[in-house]
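What follows is a set of notes on a single structure, which appears directly below.
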């Protein structure tokens, strides 16, 4: 591969260094060069006290791919597209949405966005600032820009792929040209993604001349040494359950488990802020119930990923049984010809409510149908792993990973139901039993690089998990920065998760402040946002001192309430109006001083 070097005056290299570099890279492919660019960028960022030098933009880097990822799927797809474009000898820059300088969007000529959706149709956390900018009055006209959008979502949520729809619609509204039609993909997105990637490459080959091709720098810092693990979502590590302990009281309405998994000598590495992906098997009793309701035996042969398996085994290990969706209800209504289900199809809100509140097995019980094994399999979605915020640091627990699991339990018509993964970990997986796991790295939820920086942690319920990891890491590092925890749950006596550990951190001086909100211990309900509001003046002082703010937990209610409270206290104590307070919080996001891990 040959490239035209930029003027040496623009490079932080001597002519001799540049000559050695050009000689060294001659044997590498474009894809390998792109990987190396991220690898060396990651090395620079890992060196204490180093100053990152902004890469010089190549005039040939005419395609920008933005990854707006929540659980890693959008990032992986964006990386695959980047590799496809490089293989086609096209110039491409891949950038994490959280690192994208969105005010430069008016200069983009060819733009591709791979966007996931979280919560109630909101953009991925790393894309919030970009989304806000595009929907603000400051968004520029994009008459010279051409774009493509791939949306990732989950049809079990009402606002399916809303983030992708938002980006696609707004870019067009701002005058940009749509290169290809937007794709809205469910959890089983691989086939759609493969076809879309091919289409995008062909379209871009006609728009971006290949003779000028040069691999773009991964603006996000891309490849990290921790990402070089042989284990992944597709090839998980088989680890062993070491500890399973209930950490809520007997009288608690919540069943929360502290789970410790032994990684052995696997070499699997993670950082505070990362998530643990857990593969699970469905409850055999649930499988039997579903099979019997459909008058099947369970030994019928079915095809799954090119293999022939007995139906019961396929249902246990390959398909989602605990999460219903509107497309499943739609398909089952047609198969069962049930009048009640057919009546729901005309009412979107009623259909969504039914799918959300009625497990598949109960839908079948309420509306019996005569299905064969293949029809049943065709109705269901593939099993997907669940992600749990990691509650430990390898600085303290080198060969272990801990998670905090809220077990989902409820009744439907007097029958006990439970979450697929949470009940697997709590009820069916025995100590020393095998569990398949992988690490989902989350660079959008990281402790400050400077150990002297103050930290404010807001995590009610199981949202406390990553902050246990944060404190273990700060303790091991001897970090001098102040630490403030806001935690809440229904009852002090039953629901104070990791109480002894927090009390020890307070006693040792590591945890500077702790504010606790017990919503059911008094007549009026008190939540973490109420405690945050009470301490508004002091929170503002910490922010002025450079504090980083972290929020973990429920995306639909808690995280929104906390953000509104932060806006209120910034406006009140910072002397700003609502618009300026919102801009201030957006700046904190861009500076990585306001980070959220919400779900």
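Including glycine, each Cβ sits where the backbone N, Cα and C put it.
In the record from Swiss-Prot, residues 519, 520, 525, 526, 527, 528, 529 bind NADP(+); the candidate from 495, 508, 554, 561 listed for the same site is 561.
Look at residue 72 (FMN binding site): DSSP puts it in coil. Each residue in the domain 'FAD-binding FR-type' (234-448) has a pLDDT score, and their mean in this model is 97. Here the C-alpha separation of residue 119 (FMN binding site) and residue 406 (FAD binding site) works out to 18 Å. Across the structure, residue 519 (NADP(+) binding site) and residue 406 (FAD binding site) place their CA atoms 18 angstrom apart. DSSP assigns residue 528 (NADP(+) binding site) to a helix in the three-state reduction.
Across the residues annotated as binding NADP(+) (519, 520, 525, 526, 527, 528, 529, 561), the widest Cα-Cα separation comes to 18 Å.
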